[in-house]
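The following features are taken from TrEMBL:
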| type | residues | note |
| --- | --- | --- |
| BINDING | Thr159, Gly198 | FAD binding site |
| DOMAIN | 302-466 | domain 'Acyl-CoA oxidase C-alpha1' |
| ACT_SITE | Glu451 | active site, proton acceptor |
| DOMAIN | 551-606 | domain 'Acyl-CoA oxidase C-terminal' |
Amino acid sequence: MAPTVEGGDAALLPEFPRGPLDTYRARASFSWKELALFTEGEDMLRFKKTIFSALENDPLFARSPGAHLSLEKYRELNFLRCKRIFEYDFLSAGDVFESPLRVSALIQCLGMYDWSLAAKYLLHTLIFGSAVFSSGSERHFTYIQKIFSMEIFGCFALTELSHGSNTKAIRTTAHYSPATEEFIIHSPDFEAAKFWVGNMGKTATHAVVFAQLHVPGGQCHGLHPFIIQIRDPKTLLPMPGVMVGDIGRKLGQNGLDNGFAVFHKVRVPRQSLLNRMGDVTPEGTYVSPFKDARQRFGASLGSLSWGRVTIMGMAVANLKLAVSIAVRFSATRRQFGPTEDEEIPVLEYQTQQWRLLPYLAAAYVLDHVSKSLFLDLVELQRGLAAGDRSARQAELGREIHALASAGKALASWTAQQGIQECREACGGHGYLAINRLGVLRDDNDPNCTYEGDNNVLLQQTSNYLLGLRACRVQDGACFRSPLKSVDFLDSYPGILDQRFEVSSVADCLDSAVALAAYKWLVCYLLRETHEKFNQEKRSGSDDFEARNNCQLKDDAVALVDVIAPPDFVLDSPIGRADGELYKNLWGAVLQDSKVLERASWWPEFSVNKPVIGSLKSKL
């Protein structure tokens, strides 16, 4: 267990070393220590200090500037570090609900050190663990202690090779057999392989696998989670019928082993179904505590929001790191001045302030938003755990899903743009690898796409808002939501009649003015989108065409064909001229993983026989 930090403010918030930054610190209009205590609280500051001190004083976490570990060595070291974090016992299983902000703080502290470590720990404890706890029932709680003792190591397997954001189209199946009281988990073809799953590449022994649940008679009840053993915990060899491997090197976070898995008629006990949202009786009858599928899906969305809300915090942490580097650099880097003999810090220039200070402000704002939404999500999970099946609970799940979708996009894009601006604001020194801005940019990059592509997530939020408007028009219902995030829409006709009127520039500094402007903008975009959508519908377009008919797209491939080099030079499986996206990507991953000989049943998928034969000859 890591030693806690004792003593007063001097030990908790020691003075910084004296040096060139003293001038700016002396000019500050507030005490940085008082602000730190206000925003974090003493207990949280001590918790973070304990984590940082443990990392700094443990040789296993020693920084090695300039050291370039091989992929295998980096992942081995990352796993050992993850194991050490559990040995420090920073968190207990109960902290997820009793002290939720400690969970978020630990993830951010680990991420500020190395996101590969934070992601590995996060995926095992919070994503895998919370999925078991929130989607499972009492019969699954024996897994929780095994998670925190690392008797098992978990991953969250939702995304497939050919489907990510469109979760309803996931193709892995789970057919129930009453004769043996088992589910048969199966990947119908290689495109249904679970893909991009963190921890699955090398270390996961168990997975929460999402599959389409079928009962006798052929009825499908949609996507449901199952807890499935994919490797032997002692040998880490795949279980029978499971082909599992690593997808290879990425642009960043290479200490995390992202992997794939294919299931070939794998039989698991009926009890493997995480059955809080729906269950199957021994005889094969589907039962659910929710009245309709929409309510059940709405409640399940909350549990799927853990990853997106956590990514918000990860993005904020990256933005904090980048802004810290760039502002301190700008306060000490001197260029030009009023005379040839006097240079001033570049932070004094308005252009540098304009580049950096908005992102410094964003770091504070988004930090508060991500923490607030994290607590809202904990409230949702507490309700589920207590057996709350009310309409409010289902609506809370839908609202959190909408907020998490938009929030994840906002935070990750803001961080990505901010990190790039910080890199450029540091000039050539920002491009030097040892100054870490390049690593931050690469490690933050996947935040924009995993757990849902940002553009698609924003569409989910807009669909939520359009759905609320439709209910108002049809039923005359008021805009009311559990978190009150959309209550202002109840008066949106009046909001649209408002005009921007201020008497002075000082009035614009009132936060109420900016909030009113945003409310007007949301109402305006909602009205315009609704009217445009209806116009397309009146012209004969169906719902899908109405949303997509305005895209300038038919000439795109031909234009690319003009500028693209040969495949050998382009060197990208997903960009080859033959357009066989999934075959090329799958073949390249298998060749890199060298797992073909371990799964003799795989070539039965005829769609991939040519690729398999070619790869086997090369290997």
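Keep in mind that glycine also has a Cβ here, set from the backbone N, Cα and C atoms.
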Mean pLDDT for the domain 'Acyl-CoA oxidase C-terminal' (551-606), rounded to an integer? 74
Please report how many Å separate the Cα atom of Gly198 (FAD binding site) from that of Glu451 (active site, proton acceptor), as a whole number. 11
Around Glu451 (active site, proton acceptor), how many other CB atoms lie within 10 A of its CB? 26
Distance, Thr159 (FAD binding site) to the residue listed as 'active site, proton acceptor' (CA atoms, angstrom): 8
Set of same-chain residues at least 6 away whose C-beta sits under 8 angstroms from Thr159 (FAD binding site): Lys194, Phe195, Trp196, Val197, Tyr450
